[in-house]
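Visitor: Dumping the structure here so I can ask a few things about it.
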Amino acid sequence: MWRVCARRAQNVAPWAGLEARWTALQEVPGTPRVTSRSGPAPARRNSVTTGYGGVRALCGWTPSSGATPRNRLLLQLLGSPGRRYYSLPPHQKVPLPSLSPTMQAGTIARWEKKEGDKINEGDLIAEVETDKATVGFESLEECYMAKILVAEGTRDVPIGAIICITVGKPEDIEAFKNYTLDSSAAPTPQAAPAPTPAATASPPTPSAQAPGSSYPPHMQVLLPALSPTMTMGTVQRWEKKVGEKLSEGDLLAEIETDKATIGFEVQEEGYLAKILVPEGTRDVPLGTPLCIIVEKEADISAFADYRPTEVTDLKPQVPPPTPPPVAAVPPTPQPLAPTPSAPCPATPAGPKGRVFVSPLAKKLAVEKGIDLTQVKGTGPDGRITKKDIDSFVPSKVAPAPAAVVPPTGPGMAPVPTGVFTDIPISNIRRVIAQRLMQSKQTIPHYYLSIDVNMGEVLLVRKELNKILEGRSKISVNDFIIKASALACLKVPEANSSWMDTVIRQNHVVDVSVAVSTPAGLITPIVFNAHIKGVETIANDVVSLATKAREGKLQPHEFQGGTFTISNLGMFGIKNFSAIINPPQACILAIGASEDKLVPADNEKGFDVASMMSVTLSCDHRVVDGAVGAQWLAEFRKYLEKPITMLL
């Protein structure tokens with residue numbers, strides 16, 4: 001056999017001394033005698049025979065026969081490389097796909113299937129957080145989950161990275177129990193037989209990065225990306241205490257992102273064993289361990305002194321001490337600056353009739369056809385959780401709504417006693433400052449103003465509200481949104497974005513509406529405003545504005561937009577100039593309406609009209625002055641003749 005092998009591989013220098021080793025191995029007592037391979041030599045000679053696998057094949061290696069005497073002897077002769085692809089059952093390596101046009105990497109938010117589970121075609125395998133949203137990753141064929149290679153919460157997984165292994169038969173799952181990505185890597189030839197696992201395991205070296213090695217089974221909960229632009233967050237409030245039981249869908253903490261304060265929910269049942277980041281801690285980087293969750297209540301005490309290095313330096317930030325007043329008065333404590341241990345509620349109760357519900361509970365309620373107004377929430381501030389939906393028994397009489405808690409905000413602080421107060425800068429306020437500064441410094445703004453006769457719109461609005469009485473209420477701002485969207489279709493240059501290398505002209509009009517909240521300015525989006533009726537727009541605006549003020553907006557509801565409207569007319573502001581919201585090219589500033597004398601074809605020669613002043617801020621890189629004027633002309637035409645919005 002060796003002569004056949006050596007003859008075919010005679011041009012391979014690394015194998016020159018193998019004949020002597022082959023003979024020596026066969027002399028070892030107890031080693032089975034292996035004769036030359038029977039049968040004719042292979043007819044095909046076009047395969048590569050200069051590599052490890054090629055020489056093994058020429059020497060009679062038979063992968064299908066498993067651990068035969070011949071195979072064991074060849075492994076000792078050639079040096080085993082460890083487990084290789086062809087030594088495993090048939091399987092499929094599942095790579096991370098591109099789930100958005102601009103996606104370069106993703107985060108495994110949650111695995112929907114566990115190792116050993118059967119996967120049917122169309123089943124959701126995992127939820128992957130892209131640069132745009134969290135997207136479900138579905139299976140394209142029937143199979144079984146053999147091995148998960150990328151753990152939940154792993155961030156910045158590049159596209160194409162292998163995230164799991166699937167097999168066609170359930171009996172093949174066991175073969176991948178210890179499979180790792182390194183298992184299929186090209187091995188380094190070994191000069192001796194593979195040692196036993198006990199011999200290869202080196203003693204663990206002390207490392208502060210592995211504090212959980214001597215702890216009971218547990219899960220580190222990392223700070224996730226709760227908005228596409230989030231790089232860090234502030235732990236506003238912990239809704240659970242150490243030792244409390246956690247159920248799927250329970251609100252764990254309130255996290256302040258760069259856009260809003262968002263509830264962070266529990267994905268699975270367990271017990272809160274340790275809080276690693278205290279309330280009020282600011283600028284916590286993404287991926288930082290926030291807390292420890294265990295499956296068994298008895299394991300909680302083991303984590304009393306748990307201290308991972310990632311969070312040892314994270315402490316609640318206290319505002320700089322306020323200098324004492326100049327006047328000679330007895331020094332008094334400064335109660336105005338909120339301490340991290342007792343922050344203001346991140347999410348004040350909403351107006352009468354508002355239902356607080358977790359996303360998971362809301363989804364289950366829709367599936368079961370449950371009216372959320374009839375469900376009594378047992379979560380924080382009356383929040384409805386998954387447990388409430390599961391235990392809900394429908395009744396004919398809906399329970400009385402919970403008492404409305406008066407909203408509290410940053411302004412409702414104790415009476416000042418010094419000459420000034422230092423207010424900590426929130427993440428939202430910091431981002432607003434950065435973006436507005438960037439806009440004014442990098443975008444060449446110019447401004448165009450025009451007066452619009454609102455008489456016809458006011459008449460149409462009055463008639464429509466009579467028709468919709470008890471169903472919806474349309475505002476003047478809803479007509480403005482509709483007219484703006486239609487004007488953007490007429491003058492698409494105003495519905496464009498500066499993208500550094502190109503000007504992107506958008507084919508749909510998503511109108512961002514500026515809303516003032518206690519936390520700062522935010523711009524929820526009325527999507528596809530150009531094809532929606534004013535009633536639908538009115539309902540969208542009311543819903544979005546309410547969610548914005550309560551900090552309940554989801555990232556996709558305020559990220560994006562192609563055109564922005566800012567309305568200060570309700571405050572009596574006659575006119576103002578707004579700052580462009582990049583990468584958009586325009587923003588429309590709406591002033592108050594006031595009665596003015598205008599020329600008219602009547603006996604008096606004049607009439608009294610309700611005139612509204614608007615100012616369009618334009619990016620001169622995208623919209624030239626004449627183009628901006630054309631847009632305002634179209635906008636005024638739609639409002640002064642609202643019937644044309646039906647064309």
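Each residue, glycine too, has its Cβ placed from N, Cα and C.
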Visitor: Hey, which of LYS259, LYS596, LYS604 does Swiss-Prot call N6-lipoyllysine?
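Guide: Of the listed residues, Swiss-Prot records N6-lipoyllysine for LYS259.
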Visitor: Check the candidates LYS93, LYS440, LYS466 against Swiss-Prot and report the one noted as N6-acetyllysine.
Guide: LYS466
Visitor: Tell me which residue from SER100, SER202 Swiss-Prot records as phosphoserine.
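Guide: Record lookup, Swiss-Prot, feature phosphoserine, residue SER100.
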Visitor: Rounded to a whole angstrom, what is the C-alpha distance between HIS620 (active site) and LYS473 (N6-succinyllysine)?
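Guide: Cα of HIS620 (active site) to Cα of LYS473 (N6-succinyllysine) measures 37 Å after rounding.
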Visitor: Over all shown protein chains, what is the count of other CB atoms within 10 A of the CB belonging to LYS473 (N6-succinyllysine)?
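Guide: 15, counting other Cβ atoms within 10 Å of LYS473 (N6-succinyllysine).
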Visitor: Ranked by the number of other Cβ atoms within 10 Å of their own Cβ, which of the recorded positions LYS259, LYS466, LYS547, HIS620 ranks first?
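Guide: When each Cβ's neighbours within 10 Å are tallied, LYS259 tops the list.
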Visitor: Quick one: give me the count of other CB atoms within 10 A of the CB of ASP624 (active site).
Guide: 13
Visitor: To the nearest whole angstrom, what is the C-alpha distance linking ASP624 (active site) and LYS466 (N6-acetyllysine)?
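Guide: Per the Cα atoms, ASP624 (active site) and LYS466 (N6-acetyllysine) stand 42 Å apart.
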Visitor: Quick one: pull the CA-CA distance for LYS547 (N6-succinyllysine) versus LYS259 (N6-lipoyllysine), whole Å only.
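Guide: Here the two Cα atoms are 13 Å apart.
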Visitor: Under a three-state reading of DSSP, tell me whether LYS473 (N6-succinyllysine) is helix, strand or coil.
Guide: coil
